Amino acid sequence: MNAPETKRRSGFAAVVGRPNVGKSTLVNAVVGSKVAIVTPKPQTTRHNVRGVYTEARGQIVFVDTPGIHRPRSKLGEWMNESARRVLRDVDLVLFVIDAARGWTEGDARIAEELFPSAVPVIAVLNKIDALTNRALVLPLIERVKDAGEFREIVPVSALRGDGLDRLVDLIFAYLPEGPYFFPPDVLSDRPEAFHAAEIIREKILLFTEEEVPHAVDVQIESWEETEGLLSLAAVVTVEREGQKAILIGRGGSKLKEIGTAARRELEERFGRKVFLKLWVRVRERWRDRPTLLREFGYRDT
């Protein structure tokens, strides 16, 4: 039985932290669906992505943010500012820390931005499954206590699900009473075309190395649905001809490999056969060109 609407707790929780600490994995694990792509490479998340968790107690809208880092391009600057902007409009902040790496200078820099703050901050010590000895989490908890006015410090493993129930309980305790912001069946506020482009970009990140992954942007150019078939065309942008050659591969082998992996996941996601066409173009230094950044959707929204 659902709780009366006036007793529900609903609100927004920003998920912040350094790159590669498991922010997207955490959001996906709690929401129970892949709302954000995940790879081992830093700066996989570029846009703020809202993942919606709904139950009888209320609704948590997680805002998965890009990892705050030292930017090397205007895109990096935009990603950092995008993450910081979220902090002004949420009810709660989840500061995710990689427990396996311990407290770092990068964590300290972010903590300096978070405090003092009128918004409650919970420290989430992720990746405890990667610790060789679980007792190592205790000195880390003490170190984190000294670093800021955290309301709670919660060890979790987003990968294995350890500690997530307790984390959800604590989040609800800090949210205000109020109705749902989204219908109960909504898992993300992003359109399906966005998720399709992100799945393609995820496969590029997984199948390429060196400078190629971070120089890539993916845009869906056409989307056509017929009974039992989804036809997609996507353009992949890189910054140099050499990157284009690497991405395409000998005889188109690399692009075919990427396309096959993306198509399989898209078919699983949409429950129908997918026809996917990819092509690659060069836009020199697009990550430092404001006009192209806006064209590719990196806007202040």
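Placement of Cβ uses the backbone N, Cα and C atoms for every residue, glycine included.
Taken from TrEMBL, the feature domain 'Era-type G' covers 9-177. If you take every residue in the domain 'Era-type G' (9-177) and average the pLDDT, you get 95.
Feature annotation from TrEMBL assigns region 'G1' to 17-24. Look at the region 'G1' (17-24): DSSP puts its residues at 2 helix, 1 strand, 5 coil.
Marked as GTP binding site by TrEMBL: 17-24, 64-68, 126-129. Cβ neighbours within 10 Å of Thr65 (GTP binding site), excluding its own Cβ and spanning all shown chains: 27.
The region 'G2' feature in TrEMBL is assigned to 43-47. Remark: secondary structure over the region 'G2' (43-47) totals 0 helix, 0 strand, 5 coil, with classes taken from DSSP.
DSSP states for the region 'G3' (64-67), grouped as helix (H, G, I), strand (E, B) and coil, give 0 helix, 1 strand, 3 coil. According to TrEMBL, the region 'G3' annotation covers 64-67.
Helix, strand and coil counts under DSSP for the region 'G4' (126-129) come to 2 helix, 1 strand, 1 coil. As annotated by TrEMBL, region 'G4' applies to 126-129.
Positions annotated as domain 'KH type-2' by TrEMBL: 208-284.
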Message: At a C-beta cut-off of under 8 Å, are there same-chain residues at least 6 beyond the region 'G3' (64-67) that contact it? List them, or none.
response: 14-21, 23-24, 27, 35-36, 42-43, 45-51, 79-80, 82-83, 86
- line: Sequence-distant contacts of the region 'G1' (17-24), meaning Cβ under 8 Å and at least 6 residues beyond its ends, amount to 36-38, 40-45, 49, 64-69, 95-98, 104, 106-107, 110, 126-127, 158-159
Field: Cβ packing number for Gly17 (GTP binding site), 10 Å threshold
entry: 25
